[in-house]
Amino acid sequence: MARQARRWRAGAAGMAVLGLTLTACGGAKVGDSSSDAGGSGGSAKCGTFNLAVNPWVGYEANAAVIAYVAENDLGCKVTKKDLKEEIAWQGFGTGEVDAVVENWGHDDLKKKYITDQKTAVDAGATGNEGLIGWYVPPWLAKEHPDITNWENLNKYAAKFKTSESGGKGQLLDGDPSFVTNDEALVKNLNLDYKVVYAGSETALIQTFRKAEKNKEWVIGYFYEPQWFMSEVPLVKVKLPDYKEGCDADAEKVACDYPVYTLDKIVSKKFADSGSPAYDLVKNFSWTNDDQNIVAKYIAVDKMTPEAAAKKWVEANRLKVDAWLK
Amino acid sequence: MTVVVEKTEPPGRPEKTRPAEEPAPVREPRRVSRPMVIGAILLVWLVLFVVLRGKQTLALGAADLTDLHRWFNDVNDSIGANRNSNPLFLYFFNEIRLVIDTLVTFVQELISQPSVDRPLPQIGWLGVVGLAGYLSWAFGNWRVALLAVAGFTFLGLQGLWQESMDTLALTVSAVFVALLFAIPLGVWAGLSDRVNRIVTPLLDFMQTMPTFVYLAPLTLFFLIGGASATIATVIYAAPPAIRITAHAIRNVPETTVEAADSLGATRGQALLKVLLPMSKRTVVMGVNQTIMAALAMVTIAALIDAPGLGKTVVQALQSLDVGTAFNAGLSIVVLAIVLDRVTTAASTREEEARRSKNRFLAWRRPLLGAGAVLTAVLVFMSHTYVWAAEFPGEGGVGSSIASAADTTTTWVQDNLSGVTNTVRDLITNGLLNPFQSLLTDSPWWLVGAVLIALGVVLGGWRAGLTTAVCVGLLVATGVWSDSMTTLASTVVATVLVMLLGIVFGVWMGRSRLADRMLRPSLDAAQVMPPFVYLVPFLALFGATRFTAIVAAIVYAAPVAMKIIADGVRNVPATTVEAATSAGSNTWQIITKVQLPMARGALTLATNQGLIYVLSMVVVGGLVGAGALGYDVVAGFSQGQLFGKGLAAGLAIVLLGVMFDRITQAAARRTSA
């Protein structure tokens, strides 16, 4: 017993000495340099700004730039939340999300949250035009220029056959949250195609990437603005022209998708709060090219969203200043 | 979505095998053998299929809904609309959320996130590494302590320290909350047959229901972020601990309990002094399985803004950045392996210590004390000094691993896609398509009847009854046709899993060396988040059902291999020797002795293979498998499809229950 106690004491003393030695050669202490951690003094006015980040790179570009400006020019504390659209909109009601900054249509959500529950309001367009449609890889459009018109699609249907398309041509659709009329379109335009659901944007992009590289026959749903276009400039297939109301009945659609005006949605609470971040979101507006550049920085050049935003903002100070007026 | 080894526990959930099938139906004079009956059923099916093809298939378009689906939608909407006025929310769900949120934030501020008055967490990397090493040593042994220190340091070198700590914080909180309920519940289920019978189907449900289905509703109840993510993880991770605790309590020898009784112990005393101590080792295994399951949820929970490594994986997936996704996935694997080995060592520590009577035993207490002091010093320093709080370096190891992973995948994609396309087309056209059209183009009542008949033949009347109920409910979900498509892929995947399982399982079972070499990669395949290998698989196989099958095989084959290897190894050596001396060659020994004698293990492997394949259905939906997986993902993404997604989730559960009951019953018959 006594021997054990002695060992104990020896051990403890040894450790204490070791500890003290290590402590003595310490270094900078946590919290010493508080100057850069606290941020600018304006944060009290702006407070916390909860920004939803929906899962595609174009959206991330919008969010990165808005967050960067809000943090550096307005002194807001920006909390980014990675969420799918549906859940982001839910967050308006619970006060957990202040803004969604690239919304594609979603009339059902607008009805539910803006009209019925009154927890969200429209904050105007982002300046981006959203194109949806059918695309083919560039090599295909080059070798068979007539393929970019829907009327010739049946001629090539056999070429687009895959193990999934049951003997018809395959029209590849993407993520289930995308707006799509493709099944109705195929039926109503009498096309010899079957819509196959890839199930994710990743699957869609990987398929197109491989198709361009190996000269494979692929036709599928895609959209602009999209960073992938800067890697592989897909070519849009012409569908019958869109006319107001031609897509009113989902079963009978036989025309192209309309050009979407992408917009921003904010929570009612945020809009009424008088936060400078709300004015920023409301005034934010840029072009498809602007977005594609930032998206390319993120997706292709693998910059962090913050670094990508910084690079663009520094090069486009005039545009940014216009949002801050 | 991803259960880890839980079900590989020794002879598979014996709690269910108990009283159920004791009085086996008396039917000695069997004139026709079982394979012949099965053949006859299949023949009748084929004939009727040719006649009735395309009739009453209950097909439903991608955007079409049934009344049930609409009703689910309405319920969901009304919850969302009333959540701020409903007292159930104000006084129940909000309170739960508050408690869990406080817990999660507390752990995060401790190790991963800056707290209010500090730019860094309370304990920096040096402290965490020190704690990890010390605890592993105290509860396990010095070997796992070294592993823990090396593993945690590797996380930092990867440049993912903070993400890893966020993941660890979430896992620790979820496991803590899960065990708080799971251990008492497990003990109760272990003591009472009735509780066990009630709890088992609920646990099945919790484990087979795809996480995607309840992720969105959970954010309605518990809002976005840490609390919801933790609760989702708890739902998924608690069942293994409950099952294994109950199993452990049940397996305490009756004589021991009787001895305690005869000594006049009360129920409470018997529980605390006899049952719990004796089952401690197994209970720790349950804790281990809960930790593994919690880690498997990391990437899924990232979809509702859970912080950590999962977020990195999901974001990398958006820009198809395989390298970055692999990095984060590798960190999850390292975390899992460290936690697995440490808890396993902890569960066997006392026995090993007793066995190895070495001289260090006397030194243990003073050493433990000294270690505690040293750890305290490390924690203090990491609290105080920046160099010990922030992991130094730029994560160079991470970026070189990432670029190596990128290069490898690109090479594989460029050079192998010809071969892979051939394999894909062969299996799709030769096996999958015919089987799928047999299932989806036959009238629903015909497929239902065949399933019930097979259930009866393979598993007995009770299994047949379960199958009948499941078939009925599947029809009611309104996604019958999609269920059959999924069923076809599931069966094909399981067949391939079993082929691989037998080949590698026999090899591992016969050779210790092969076992030791393969096991780490099997562990990694089970823990690596599927999101990481989706991109390379898409490049190799395209957005097809076959890609989903391959993903399912990667996840399910390791389990089958491990079970079969165990089965082969458990064949008595004397039997093998007898066969050898009788002049059998290796091939004969495998096919005539080892495999037939490991029949129980083979059926169990089939059971687990199927369940694991089913748990990958949703991931399959992301890469072109369509059917139920796509429905579930769509329900998560689009409000008006929520009800359909829920119905599809239920259909997956029903398929799982149906298979589980049939194969379990079949396993009992073959081993009887």
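Quick reminder: no glycine exception, Cβ is built from N, Cα and C everywhere.
Annotated domain 'ABC transmembrane type-1' per TrEMBL: B:164-343 (among others), in sequence order.
The feature domain 'ABC transmembrane type-1' is assigned by TrEMBL to B:483-663 (among others).
Here TrEMBL flags B:1-28 as region 'Disordered'.
Annotation source TrEMBL lists transmembrane segment at B:35-52 (among others).
Residues or ranges marked as transmembrane segment by TrEMBL: B:144-161 (among others).
Annotation source TrEMBL lists transmembrane segment at B:168-191 (among others). Counting residues 6+ beyond its ends, the transmembrane segment (B:168-191) has Cβ neighbours under 8 Å at 15, 100, 103-104, 107-108, 110-113, 199, 226, 229-230, 233-234, 237-239, 241-250, 271, 275-276, 279, 283, 286-287, 290-291, 294-295, 297-298, 301, 306-308, 335, 339 in the same chain.
Tertiary neighbourhood of the transmembrane segment (B:211-238): same-chain residues 1, 76, 79-80, 83, 89, 93, 96-97, 100-101, 103-105, 108, 170-171, 173-175, 177-178, 181-182, 290-291, 293-294, 296-297, 300-301, 303-307, 618, 632-633, 635-636, 642, 645-646, 648-649, selected by CB-CB distance under 8 Å and a gap of 6+ residues from either end. For B:211-238 (among others), the entry in TrEMBL reads transmembrane segment.
TrEMBL lists B:283-304 (among others) with the feature transmembrane segment. Listed by sequence, the residues of this chain that lie at least six past the ends of the transmembrane segment (B:283-304) yet keep a Cβ under 8 A from its Cβ atoms are 1-6, 9, 167, 170-171, 174-175, 178-179, 182-183, 186, 211-212, 215-216, 218-219, 224-225, 228-229, 232-233, 236-245, 248, 276, 310-311, 313-314, 332, 335-336, 339-340, 343-344, 346-347, 527, 529-531, 636.
Non-local neighbours of the transmembrane segment (B:324-346) in the same chain are 4, 132, 135-136, 139-141, 143-144, 147-148, 151-152, 154-155, 158-160, 163-164, 167-168, 171, 284-285, 287-288, 291-292, 295, 298-299, 309-310, 312-313, 315-317, 398, 401-402, 405, 520, 523-524, 527-529, 531-532, 535; each lies 6+ residues outside the stretch with a CB under 8 Å from one of its CB atoms. The transmembrane segment annotation in TrEMBL covers B:324-346 (among others).
Sequence annotations record features per position, and here TrEMBL assigns transmembrane segment to B:367-388 (among others). Outside the transmembrane segment (B:367-388) by six or more residues, the chain places 120, 122-131, 133-134, 137-138, 360 with a CB less than 8 A from a CB of the stretch.
Summarising the annotation, TrEMBL assigns transmembrane segment to B:444-475 (among others). Sequence-distant contacts of the transmembrane segment (B:444-475), counting only residues of its own chain at least 6 positions beyond either end whose CB sits under 8 Å from a CB of the stretch, comprise 20-21, 24-25, 34, 37-38, 41-42, 45, 48-49, 52, 56-58, 483-484, 650-651, 654-655, 657-658, 661-666, 669.
Long-range contacts of the transmembrane segment (B:487-510) within its own chain (CB-CB distance under 8 A, at least 6 residues past either end) are made by residues 427, 431-432, 435-436, 438-440, 518-519, 545, 548-549, 552-553, 556-557, 560-569, 590, 594-595, 598, 602, 605-606, 609-610, 612-614, 617, 620, 625, 627, 655. According to TrEMBL, the feature transmembrane segment maps to B:487-510 (among others).
When Cβ-Cβ distances below 8 Å are used as the criterion, the transmembrane segment (B:530-555) is approached by residues 2, 299, 313-314, 317, 320, 322, 325-326, 328-329, 409, 412-413, 416-417, 420-421, 424, 427-428, 432, 489-490, 492-493, 496-497, 500, 612-613, 615-617, 619-626, 629 of the same chain, each at least six residues removed from its ends. As annotated by TrEMBL, transmembrane segment applies to B:530-555 (among others).
A Cβ distance under 8 Å defines the sequence-distant neighbours of the transmembrane segment (B:609-629), meaning residues of its chain 6+ beyond its ends; these are 1-3, 7, 207-208, 210-212, 479, 482-483, 485-486, 489-490, 493-494, 497-498, 501, 530-531, 534, 537-538, 542-545, 547-549, 551-553, 555-557, 559-560, 648, 651-652, 655-656, 659-660, 663. The feature transmembrane segment is assigned by TrEMBL to B:609-629 (among others).
Sequence annotations record features per position, and here TrEMBL assigns transmembrane segment to B:641-659 (among others).
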